[in-house]
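Encoded as structure tokens, the structure appears first; notes follow it.
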Amino acid sequence: TTACCNFCPCTRSIPPQCRCTDIGETCHSACKTCLCTKSIPPQCHCADITNFCYPKCN
């Protein structure tokens, strides 16, 4: 999947610290730290902290 994120809160610091809080069955392709529950289907979110947000998903 292309890296995209609908919910991406950022801190007001410079540089900002942003985290994608979308939850889905997988994480986006650029995610380095993907955390998933053991449920079926799994609920995964990306734990990476970046200084930007990816474009919104369609």
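Cβ coordinates come from backbone N, Cα and C, glycine included.
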Have a look at Swiss-Prot and say which candidate in C27, C44 forms the disulphide with C36. C44
If you compare CA-to-CA distances from C10 (disulfide bond) to each of the disulfide-bonded residues C20, C31, C57, which comes out shortest? C20
So if I draw a 10 Å sphere around the Cβ of C53 (disulfide bond), how many other Cβ atoms end up inside it? 17
Those disulfide-bonded residues, out of C5, C20, C44, C46, that come within 10 angstroms of C34 (disulfide bond) at the Cα: C44, C46
Disulfide-bonded residues clustered about C57 (disulfide bond) [Cα within 10 Å; pool: C5, C18, C20]: C5
Taking Cα atoms as reference points, which of the disulfide-bonded residues C31, C36, C44, C53 is nearest to C20 (disulfide bond)? C53
